[in-house]
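Peer 1: As annotated in TrEMBL:
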BINDING   B:Arg63, B:Glu114  substrate binding site
BINDING   B:Glu114, B:Asp140  Mg(2+) binding site
DOMAIN    B:2-207  domain 'HpcH/HpaI aldolase/citrate lyase'
Amino acid sequence: MRSFLFVPGIRPERFAKALACGADAVIVDLEDAVGAADKGPARQHVADAAAAFAASTTRVLLRINGFGTPWFEGDLSLLALGGIDGVVLPKAESATVLEALARVTTKPILPIVESALGVWQVLEVAKGPGVERLIFGSVDFELDLDCSGTWEALLYARSQIVLASRVAGLLAPVDGVTVALDDAAQLATDASRGRSLGFGGKLCIHPKQVAQVNAAFSPSEEELAKAREVIEAFERAGGGAVSVDGRMVDLPILLKARRQLAVVGCESSGEEGRVVTGSDCADEPRIS
Amino acid sequence: MRSFLFVPGIRPERFAKALACGADAVIVDLEDAVGAADKGPARQHVADAAAAFAASTTRVLLRINGFGTPWFEGDLSLLALGGIDGVVLPKAESATVLEALARVTTKPILPIVESALGVWQVLEVAKGPGVERLIFGSVDFELDLDCSGTWEALLYARSQIVLASRVAGLLAPVDGVTVALDDAAQLATDASRGRSLGFGGKLCIHPKQVAQVNAAFSPSEEELAKAREVIEAFERAGGGAVSVDGRMVDLPILLKARRQLAVVGCESSGEEGRVVTGSDCADEPRIS
Amino acid sequence: MRSFLFVPGIRPERFAKALACGADAVIVDLEDAVGAADKGPARQHVADAAAAFAASTTRVLLRINGFGTPWFEGDLSLLALGGIDGVVLPKAESATVLEALARVTTKPILPIVESALGVWQVLEVAKGPGVERLIFGSVDFELDLDCSGTWEALLYARSQIVLASRVAGLLAPVDGVTVALDDAAQLATDASRGRSLGFGGKLCIHPKQVAQVNAAFSPSEEELAKAREVIEAFERAGGGAVSVDGRMVDLPILLKARRQLAVVGCESSGEEGRVVTGSDCADEPRIS
């Protein structure tokens with residue numbers, strides 16, 4: 001699970017393309033991309049498309065309207081649809097709403113942390129019932145804090161979200177959008193820095209962002225080659241610390257190398273019970 | 001409120017210039033800038049200048065000596081003076097001192113967070129009674145932590161102060177001083193980075209720093225033009241997400257654009273009850 | 001205490017060289033550098049070398065195996081050896097294990113914070129009984145969080161460790177290893193950035209890293225000259241704020257200058273009871 005592509009609930013003509021563009025998950029949006037007058041029609045489009053969602057191999061998530069809005073309750077009825085694989089909850093700030101949500105659905109919940117309070121209380125959110133992984137809503141967070149969208153301004157929030165996700169034993173979180181639609185270099189930088197911090201994937205706002213995000217959150221050939229080199233050097237040495245290309249390699253580095261190869265399905269990481277970041281492997285089934 | 005200019009309480013001959021140099025607030029200092037032998041005379045200078053402070057349109061704040069010093073109690077009597085608009089409390093680390101202070105004055109309190117413990121417990125400080133906004137005492141913090149004054153070394157503390165301020169519903173905090181007195185480039189960088197993180201203003205240690213700080217914490221013409229462009233694009237599209245200059249613009253970005261224009265008095269932000277950063281508008285009354 | 005050099009417990013032939021290479025402390029490792037089959041022999045090597053450790057002026061610390069491993073209990077018996085000056089505890093995440101450890105030894109404990117949970121709960125660890133200072137286990141942390149080892153990715157963890165150390169009144173913490181064995185430029189950058197954040201020393205994995213680490217965590221001649229200049233300018237001015245080389249210098253900057261000279265034994269810092277980072281002074285006894 002690397003790319004999470006938004007599609008507005010009010011644009012049913014785009015659903016098929018979104019499902020077919022290579023995204024690991026499609027998030028059908030009932031919230032910000034749908035005006036107040038369109039909330040009802042958007043729900044109907046989702047209901048109408050449920051069979052197509054169910055037939056697709058792409059995961060389909062539904063972003064409902066936030067708790068406290070006039071639409072929250074009504075949106076919940078859509079969660080029972082067979083084609084909906086999980087729910088994206090905006091403005092998550094505490095465990096309370098998650099508990100309410102977990103009472104009406106057993107599907108995975110992906111809370112969006114996108115406010116100062118949400119970041120401050122992120123561990124409570126992460127430990128809420130039914131939570132699969134967190135999403136960082138960077139643009140809303142920027143609005144709430146009245147800060148800029150630079151990496152420096154958002155580093156604390158991003159770091160805290162990654163840390164709390166791991167403390168709570170969740171899957172690696174999903175980083176926020178890159179709003180530049182035609183700037184491949186910006187997207188590449190953002191995706192790479194997000195992955196470097198420990199994010200496992202990234203929100204996309206256009207199908208053309210998907211392939212780049214998938215690539216950035218998958219191990220590169222170079223990384224895999226290095227991981228193999230580390231493992232072989234360890235096996236040759238029979239354990240202990242070894243030197244590979246002038247770098248000291250000891251147990252944690254060996255374990256990380258094993259995990260990288262395990263993610264692409266080529267090795268057992270030996271980490272039973274540990275949550276691993278989903279990624280893909282050329283010509284092999286993807287591991288969730 | 002963007003520029004907060006220190007003037008030593010022991011230098012009454014500088015008071016008039018400080019009030020007239022364009023600073024949004026003047027902080028008359030009884031603490032670090034006044035030696036032990038001068039504490040009494042400095043208090044007298046403040047009392048003597050109270051009428052001039054009251055007559056000035058510039059806000060006058062008083063930095064008292066910290067709780068636990070021999071001067072704390074005596075300084076409190078000055079808070080009743082008509083010309084003192086608020087109190088700056090050094091070495092704030094918990095709610096206890098704020099509660100004591102709030103019992104003797106109803107004037108706004110601006111606690112300086114300037115120690116490891118203060119940063120760790122910053123939300124407790126921010127939620128203390130009477131607190132209007134926080135100030136980051138970066139030089140003292142650097143001393144307490146025994147770290148350098150680089151942006152990297154202070155990023156965590158700055159980010160946490162901004163975050164806690166928002167969680168507590170305070171006005172955007174005030175960043176620490178730039179000690180370089182004649183380095184306009186350094187001051188510009190510091191002010192711009194502070195604003196980017198979400199600070200609303202900055203301490204000044206010399207009148208010549210004021211104009212630059214005011215400019216850096218006010219929206220630029222370019223920012224205002226972009227904000228107008230975002231709003232117009234939204235109105236043309238009738239809602240939903242639109243593309244402006246190759247960037248996706250949705251609800252939070254629209255709201256941020258409205259806020260920027262509201263700050264300069266040209267538009268309603270639609271955010272009733274939300275605290276907005278004070279800033280100025282050419283030829284218009286400043287919005288608090 | 002600036003350089004902390006690891007030596008594998010299973011390599012007794014390296015002990016003498018490690019003790020003699022100029023490191024402020026040697027950490028004899030029973031954990032990651034020793035395979036499961038070698039745990040018993042490594043313990044024996046430590047016992048055999050105890051007299052040599054006791055005779056050395058270099059501090060000798062023992063990294064035991066983590067709580068919950070089959071070796072934790074057995075390793076504890078070595079702590080009574082006269083030549084062991086302290087214990088390094090891996091995978092520290094709470095006060096519980098520290099309490100257990102403090103019941104069996106009164107020697108200083110240096111917990112390694114190296115997991116997401118350890119960083120999240122770092123203040124509890126720092127306040128645990130017997131703790132002298134924290135160590136950041138950056139490579140294990142990187143594995144646990146599944147993040148990269150860049151400065152950006154680890155800045156939050158490093159900053160939080162430094163902050164919690166100061167809140168708990170500990171000595172400045174020890175930064176993690178630089179795994180590049182032959183890259184002096186990388187080591188210099190890492191050491192300098194770590195010191196800038198407030199670390200007081202750094203783990204070393206090879207004797208050739210020691211001299212550079214010692215130098216990086218000692219005040220440079222330039223820093224000492226500046227500190228003297230600050231103090232002299234203050235004395236000339238008779239207190240208050242002064243300008244030195246175009247920079248405003250007030251009380252906290254004066255106190256920092258005094259501390260720098262105190263660390264090298266040339267001045268009293270006037271900070272009685274405050275923990276100061278140990279460092280060395282040419283031809284003078286080191287201050288702990």
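Just so you know, the numbers here start at 1 and follow the chain as drawn.
Just so it is clear, glycine is given a Cβ too, placed from its N, Cα and C backbone atoms.
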Peer 1: Using the alpha carbons only, what distance in Å do you get between B:Asp140 (Mg(2+) binding site) and B:Arg63 (substrate binding site) once rounded?
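Peer 2: For B:Asp140 (Mg(2+) binding site) versus B:Arg63 (substrate binding site), the Cα atoms are 15 Å apart.
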Peer 1: Across the whole of the domain 'HpcH/HpaI aldolase/citrate lyase' (B:2-207), what does the mean pLDDT come to? Round it, please.
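Peer 2: Per the prediction, mean pLDDT sits at 97 for the domain 'HpcH/HpaI aldolase/citrate lyase' (B:2-207).
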Peer 1: In which DSSP state, out of helix, strand and coil, do we find B:Asp140 (Mg(2+) binding site)?
Peer 2: helix
Peer 1: For a quick check of packing: other C-beta atoms within 10 Å of the C-beta of B:Arg63 (substrate binding site), how many?
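Peer 2: For B:Arg63 (substrate binding site), the count of other Cβ atoms within 10 Å is 26.
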Peer 1: Taking the Cβ of B:Glu114 (substrate binding site) as the reference point, list residues of the same chain whose Cβ is under 8 angstroms away and which are at least six residues distant in sequence.
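Peer 2: In sequence order, B:Pro90, B:Lys91, B:Ala92, B:Phe136, B:Gly137, B:Ser138, B:Val139, B:Asp140, B:Phe141, B:Asp144 meet the Cβ cut-off.
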